């Protein structure tokens, strides 16, 4: 229910988890776009949050019970909420870390989706700039909270692998499923999306890979001026540069050229004018703030139990921690968002699907990763951008493969199948990969 006319390039992970009301999403395109296009052309979707919808100025006056019903009882995904308290209960009643980890992970899933909803509601009252920044902050708040707890526990590799897994999952699994399902629904034609935007987004991902590549190369070529410290210093410097670049990127989208884009709803007839319907926010400003605080606190609480149970779950299930961090955490933690991307593709709105998949990858790689390095710096943790050779090579190859699939501006179910199969190869690789830095976990 976002309300502000924020330009595209605003696509947060959790917002696309609003599966039950995706029909109301606003689409954005250049004013000069051809009116024949049914799928919205979203220029450079990706870094902040999804497109905001138009909201009216009407402020709801809900009771506490009404607010609870709207936020908690209106979404079927919230049926998973009881798994969180159950995980906490098991923590004190049993030593089975495998079950504690699984229940914590499932319990966090609906919280991530509701965080996106509360952020949308608050954005109705803040204006486009603040609304965009809110979504930049809360877009991947679940991953950030888990990462901060892992940093506090000294589990630097878990932080690196979890963030890497989110990027890989979005680029291969989410995008692949969207292409595959959309291709099956529209099997008689090739679905199209904005080729120019996809190329720009691919370039941004390559920039992020560059930031991760040089520390790894410096480490494995043994060419550091000061062994051990040069790699960390380069990582911290590069992280600051990436954050500055990301901030400039947001400023350009939110301030410099917001008038270059106009909201657009799906066209029912090529000769008809499109229009946007104002929508009333469902909760008030203070309700949104309170719910954001409650949900963030609840995610933080569950994240502590989740991180604490990772090692035990690895031993209990006889699964490498790297596989849990790279594969299981992103898949389950972003389940609602994945469903949203698939639904958009099945409605022939591939630009939005790309915003979820590629956009979230950009946000994590250009914001979440360097942010964690800076936070680790402040905490005295030696978190760096050296994700090790195997992991960095995997990310680099993935970006190249995805860029190759996006270069034509079309998709079909076969391309989607290829991306899914690529993800299975990556998953199998991490299952048999022995992390040489296991002690850092």
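Glycine residues also receive a Cβ, built from the backbone N, Cα and C atoms like all the rest.
What Swiss-Prot lists as N-myristoyl glycine is 2.
According to Swiss-Prot, the feature S-palmitoyl cysteine maps to 3 (among others), an assignment based on sequence analysis.
Annotation comment: Swiss-Prot describes 4 (among others) as S-palmitoyl cysteine, evidence class sequence analysis.
Within the region 'Cation selection' (139-174), the DSSP-based counts of helix, strand and coil residues read 31 helix, 0 strand, 5 coil. If you look up Swiss-Prot, you'll see 139-174 (among others) marked as region 'Cation selection'.
According to Swiss-Prot, the region 'Cation selection' annotation covers 333-368 (among others), on the basis of sequence analysis.
Look at Swiss-Prot and you will find 2-69 (among others) tagged as topological domain 'Cytoplasmic'.
Note on the topological domain 'Extracellular' (91-97): residues 305, 308-313, 315-316 of its chain, located 6 or more positions outside it, place their CB under 8 angstroms from a CB of the stretch. For 91-97 (among others), the entry in Swiss-Prot reads topological domain 'Extracellular'.
Here Swiss-Prot flags 119-129 (among others) as topological domain 'Cytoplasmic', drawing on sequence analysis.
Residues 143, 307-308, 310, 321-322, 325-327, 329-330, 364-365, 368-369, 372, 375-376, 379, 381-383, 387, 391, 394-395, 435, 437-438, 440-441 of the same chain lie 6+ residues outside the topological domain 'Extracellular' (151-165) yet bring a C-beta within less than 8 angstroms of a C-beta in it. Residues or ranges marked as topological domain 'Extracellular' in Swiss-Prot: 151-165 (among others).
Summarising the annotation, Swiss-Prot assigns topological domain 'Cytoplasmic' to 187-197 (among others) and lists sequence analysis as the type of evidence.
Residues belonging to the topological domain 'Extracellular' (219-231) score a mean pLDDT of 76 in the model. Taken from Swiss-Prot, the feature topological domain 'Extracellular' applies to 219-231 (among others), supported by sequence analysis.
Under the heading topological domain 'Cytoplasmic', Swiss-Prot lists 253-286 (among others), citing sequence analysis as support.
What Swiss-Prot lists as topological domain 'Extracellular' is 308-311 (among others), and the listing cites sequence analysis. Counting residues per DSSP class in helix, strand and coil order gives 4 helix, 0 strand, 0 coil for the topological domain 'Extracellular' (308-311).
Annotation source Swiss-Prot lists topological domain 'Cytoplasmic' at 333-354 (among others), citing sequence analysis.
Residues or ranges marked as topological domain 'Extracellular' in Swiss-Prot: 376-384 (among others). According to DSSP, the topological domain 'Extracellular' (376-384) comprises 4 helix, 0 strand, 5 coil.
Among residues of the same chain six or more beyond the topological domain 'Cytoplasmic' (406-412), those with a C-beta under 8 A of the stretch's C-beta atoms are 179, 182-183, 190-195, 198-199, 201-202, 350, 354, 358. According to Swiss-Prot, the topological domain 'Cytoplasmic' annotation covers 406-412 (among others).
Mapped onto DSSP helix, strand and coil, the topological domain 'Extracellular' (91-97) counts 4 helix, 0 strand, 3 coil. Same-chain neighbours of the transmembrane segment (70-90): 17, 19-20, 62, 96, 99-100, 103-104, 106-111, 113-114, 117-118, 282-283, 291, 298, 301-302, 305-306, 336, counting only residues six or more beyond its ends whose CB sits under 8 Å from a CB of the stretch.
Cβ atoms under 8 Å from those of the transmembrane segment (312-332) belong to residues 95-98, 100-102, 105-106, 109, 146, 157-158, 161-162, 164-166, 168-170, 173, 338, 427, 430-431, 433-435, 438, 441 of the same chain, restricted to positions at least 6 beyond its ends. Counting Cβ pairs under 8 Å to the transmembrane segment (232-252), the stretch among 98-118, 166-186, 198-218, 385-405, 413-433 with the most such contacts is 198-218. Among the listed stretches 98-118, 287-307, 385-405, 413-433, the one sharing the most Cβ pairs under 8 Å with the transmembrane segment (166-186) is 413-433.
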